[in-house]
Structure formats: structure tokens, C-alpha cells
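Q: When I checked Swiss-Prot for this same protein, it listed these features:
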type    : residues                  : note
DOMAIN  : 4-169                     : domain 'EngA-type G 1'
BINDING : 10-17, 57-61, 120-123     : GTP 1 binding site
DOMAIN  : 177-352                   : domain 'EngA-type G 2'
BINDING : 183-190, 230-234, 295-298 : GTP 2 binding site
DOMAIN  : 353-438                   : domain 'KH-like'
Amino acid sequence: MPLPIVAIIGRPNVGKSTIVNRLAESKDAIVHDEPGITRDRTYRNAYWEDREFQVVDTGGLVFDDNTEFLPLIREQAMAALVEASVAIFVVDGQTGLTGGDEEIAQWLRQQTIPILLAVNKCESITEGLTQAAMFWELGLGEPYPISGIHGNGTGELLDDLITYLPTQGEITETNQTKIAIVGRPNVGKSSLLNSFIGEKRAIVSPISGTTRDAIDTVVERNGKTYRLIDTAGIRKKKNVEYGAEFFGINRAFKAIRRAEVVMFVIDALDGVTEQDQKLANRIIEDGRACVIVVNKWDAIEKDNYTIYTYEQEVRSRLYFVEWAEMIFVSALTGKRVEKIINLIDNAANEYQRRVTTSVINEVLEEAISWNSPPTNRQGRQGKIYYGTQVTSKPPTIALFVNDPKRFPENYRRYIQSQFRQHLGFTGTPIRLLWRGKKAREVEQNTVNRATRV
């Protein structure tokens, strides 16, 4: 059963994200002293008493300005109200009542859901009552003086809020595949997200840096549940100003760590850039499965050989993630977007796959028969005793050897390539752990192994 939703509405910079973090007891929403930080609507799980719900943080509402993002933000706020059971209208107790507050209040009075009025920045309990009193004239009922920073008054607000939430039975945990959508700014991540789920969930604009938060969307396909995380575009550090974009990029890196599969989006018009290569390395370092999505394929002039030539070029630039599957799509037209989910399923399955010790050692035996470990200058040869998979997500194989130093990097790559050739693991990195072990210890453990090389 889906959680009931609470929408947070208000002017820019009244402290909506601070309140979201307070209610959700987290710091997921970006908080920075700059208007317009939150542009998309972002979802956080929250609890009060015995109730669980989702808090939706929306962008700052401005009705008398149609500059670039503002109409899109209004559209997002309206979408949040449509799906919400109750809304919290946040105003600034220190600034006092403004014309912008009155415009929003007039708009909210036309909505069909309950509205609670939260007067934020009332850090002083005694002065807070006076600050809140001026907002009675908005005609939205009793104003609650609260402090998003310190938490003053939020208990009373939540006590009232949960009375408006629909009754709900026991919430069951669903198995979700967590997918981070990452890439450089303006490669079409939000457009892909919207095309994938069939609604305008994230703001889409030709200006780089539109998405600043990491945004979660839960969707179901063919009986499976997916959590999609649309992240801020990642660019070179020297091009990143300290502030909201800096926090957003760090949130994107955190999203990669949260995910199981990374949907790595590349702009077909730009090809693979140096920053794309660095981002791919980040995915490998964090040990995440990956699907390479080449977007804007509709904008490329093609002949019968274009897709083959282009894939070869991308592969040559991203040779270190040769294990990732690739798909060419257009978020604008929707072409092939529906096929991405099959690649994600394959990558997720391989990411958590386990292989028996006997099969691993059969691969090792075959590999060693074709290419035995090298011998060093002192005439000492490396010896692989046996291997076993110690964990998944990503698949990690421990190789017990006489001395790890006797296995140079080129031979380690050879062994890894043999595992890929025989075991697959398409879409996921493989980690090999080279562990030194004395021959006597190996003999003692032989009885516990299915096969010995």
C-alpha cells in the first residue's frame, strides 16, 4: 500500500527544505541560503507517533514572474497537491506577511485538500505567538509557530497533521531495484525519467543544472518495483560553484552509492567526454552495476553503419566498462526507452548472482592450463590454490595464492577476463581479492572445498 503524501508549499527561501529535513529527520533536501534551491518535487519518508507518510518538498512558488523555471515550479507544486492528502503552507515569521503569501493562500483556498499553516523561523517561543498572529488574516485557520532549525512547535503541527491522513493497514516492505540516473549536465536525465514513468516528475529545461536534488520516484513494471533516482549533472570541479550545485553533485555521488544499478546517460551529440570517463571510473570505484544509455539518438544523422560505428567509438573511450550493456534511445520521442528496463533487470540479476566454488575452480583450472602464472627473477612461480565467491553486489571472488606479489597486473586482468568469458556477469563489475595463503593451510582446508586447482 502506498504511503500517504504531505505536500510542503510556500514562497522561495521560507525554509521549506529545512522543515522537510526536520520532519524526515534527515538532511537529504538541500538547504542553502539562496532562493530557488529546490526546483523539482522531492520525496522523503517521515514518521510521527505510529504513522508513516511521505513528505514532498516543492520549489518556491512565485505567481507574478514567468522567468524560466517559475512556471515549471508552479506545475510541479500543483502535481504535488494532486497526489497529496494534506498540505503544509510554510510562511516566514521573521519577514512577516507578504503579497506573495497572500497570492499563494488565495490559490490554496481553491484546492480540495486540507491546508495547515506553518509559520517558520519562530525561534523564540514567546515572540513566535506574536509573529504567527499576523497570518490569521490569510483565512487558512490557526497558524502554527514553528522552528524548522530547532524543532520548536513541530510536534503540535504533526499531531494535527496525522488526523488528516487516510487510515492505513500494515505497510509491507517491497523488494526494489534502486537505479541512479547519472550523467553530465543537460544530457537528458530528467527527460529520460519522465519518459520512463509517463509523467512530468522532474523539471525539464535546456539550461544546465536544472536538477539539483537527487529525486526518488518509485514505479512498478511487470510486477517489479523500481526506485529511480534522478541526480544533478556531474561536471568538472573547476566549473562547480560552492553552494547548491556543489551540494547537489555530492548528493549525486551519494545516489550512486545508494543504487544497485547506474543508468549512465551520455549525450549522443557530444560523444564520450573526459568527464564521462571520470564518472564511469566513479561507478567502478563504488562497485555498481551499469547500463550505458546514449540519449538524443534522434538528433544524429544515420546510415546502416552509424550505430555500429558509434558503439565502437563509445566502447573505445569507455574500455574499462566494456562489461556494461549499451542502448541508443531518444527521451524526446520515447524510442527504445521501454527497452532500458530489460537491460536494468539483467544487470541487477548479474549484480547479485552467486556462483558455486566448484564452478569457479573449473574456470581457474581451464585458465591456468592455457596460461600458467608467471615466474619471477628468482625462479619462483605464482600458484593459485583455489577461488571462492565471498560476496555479491558486486560479485567478489577471493583467490588464495602462495604470494599475491607474484601476480602482475596483466595476469590479474587475464584471470578476470576468463571469469567474464565463462561466467558472464554482464552489466556488473567483478572484484578479485588476491589472498596469500601457505600450502599447509590449504591442505588443512581441502576437505571444505568442492574442487581444488
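Heads up, the Cβ atoms here are built off N, Cα and C, so glycines get one too.
From a predicted model like this one, the values you see are computed outputs, not experimental measurements.
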Q: Residues with Cβ closer than 8 Å to the Cβ of Cys122 (GTP 1 binding site), same chain and 6+ apart in sequence?
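A: In sequence order, the residues whose Cβ lies under 8 Å from that of Cys122 (GTP 1 binding site) (at least 6 apart) are Gly93, Gly128, Gln131, Ala132, Pro145, Ile146, Ser147, Asn152, Gly153.
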Q: Rounded to an integer, what is the Cα-Cα distance in Å between Gly10 (GTP 1 binding site) and Asn186 (GTP 2 binding site)?
A: 27
Q: Could you check which of the binding-site residues Asn13, Thr58, Leu61 is the closest Cα neighbour of Lys189 (GTP 2 binding site)?
A: Thr58
Q: Just give me the nearest neighbour of Asn186 (GTP 2 binding site) among the binding-site residues Asn13, Lys16, Thr58, Leu61, Cα to Cα.
A: Thr58
Q: Using DSSP, how many residues of the domain 'KH-like' (353-438) fall into helix, strand and coil, respectively?
A: 32 helix, 22 strand, 32 coil
Q: To the nearest Å, how far is the Cα of Thr58 (GTP 1 binding site) from the Cα of Trp297 (GTP 2 binding site)?
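A: Approximately 32 Å lies between the Cα of Thr58 (GTP 1 binding site) and that of Trp297 (GTP 2 binding site).
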Q: Can you work out the mean pLDDT of the predicted model over the domain 'KH-like' (353-438)?
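A: PLDDT averaged over the stretch: 92.
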Q: Could you measure between Asn13 (GTP 1 binding site) and Gly183 (GTP 2 binding site) for me? Cα positions, answer in whole angstrom.
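A: Just about 28 Å between their Cα atoms.
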